[in-house]
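Visitor: Once you've had a glance at the structure underneath, I'll fire off some questions.
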Amino acid sequence: MDVARAKRVLLKLSGEALMGEQAYGIAPEFLSYLVEEVQSAIALDIELALVIGGGNIFRGISGSANGMGRTRADQMGMLATVINGLALQSALMLSGTEAVVQTALEMPRVAEPFDHDSAKSHMKQGRVVIFVAGTGNPFFTTDTAAALRACEIEADLLLKATKVDGVYDSDPVKNPKAKRFETLTYHEVLTKNLKVMDMTAITLCRENHIPIGVFSIFERGALTAVLRGEPKATIIEERKE
């Protein structure tokens, strides 16, 4: 697809990104930077939603590796995403951008329960919608949650914000000769075992015809550049014959 034609976009952001240069928690300077990037994106007349991770506070899979039951560990990870979502909502609101948090785990005194119809209504009215608590179920990644929410809100595009400017055949940080892909098909991602998103997330997007863009959130202006159709991301979609 022509990415520049996308009008409803879901942005998946890892919790680790919120740490900035810190070893833990939320870096105020990165939060301010993220707000600026989001505001620049919605200035393009984009309807924007986010799915945010919680790895800067707690990773369920790490807790499980340390002997904690996986279900309980994943539930703790879901709660970490709620903290991040509320922090981002507050930062956006303080900067004059309306934002709503919707959670997969009901906590009515903290956030709205997830509802795809109300989420789409909020977005049409110019509000940023932040989805937290993953899918609400253990054993599912936030990548899968992002793909699921993208399907539910009928997004035109799913953007995954990462540390690098696209998808490579190996880690470009460790391998300076790593090859960057401009475009890929869902099938190529799966068969090449490229560590972009988990298989469930890729399959959901493929079955529902939602292109995926992978870009660097740490490059200022990259988000808006991608939304304008500039080659700042690797685009994953089915190729037209």
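Our numbering is plain: 1 for the first residue shown, then up by one each step along the chain.
Glycine too: its Cβ is placed from the backbone N, Cα and C atoms.
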Visitor: Select one of D74, D165, D169, D171: the residue that Swiss-Prot places in the UMP site alongside G54, T135, G136, N137, P138, F139, F140, T141, T142.
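Guide: When Swiss-Prot describes the UMP site, the candidate it includes is D74.
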Visitor: Which residues in the same chain, at least 6 apart in sequence, have a Cβ under 8 Å from the Cβ of F139 (UMP binding site)?
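Guide: Those within reach of F139 (UMP binding site), by Cβ under 8 Å and sequence separation of 6 or more, are R70, T71, D74.
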Visitor: Taking only the Cα atoms, work out how far T162 (ATP binding site) lies from T135 (UMP binding site), in Å, as a whole number.
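Guide: Cα-Cα distance, T162 (ATP binding site) to T135 (UMP binding site): 21 Å.
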Visitor: Quick check for the class: what is the C-alpha distance, in angstrom and rounded, between T141 (UMP binding site) and S14 (ATP binding site)?
Guide: 11
Visitor: Among G54, D74, T135, G136, N137, P138, F139, F140, T141, T142, listed as contacts of UMP, what is the widest Cα spread in Å, to the nearest whole number?
Guide: 15
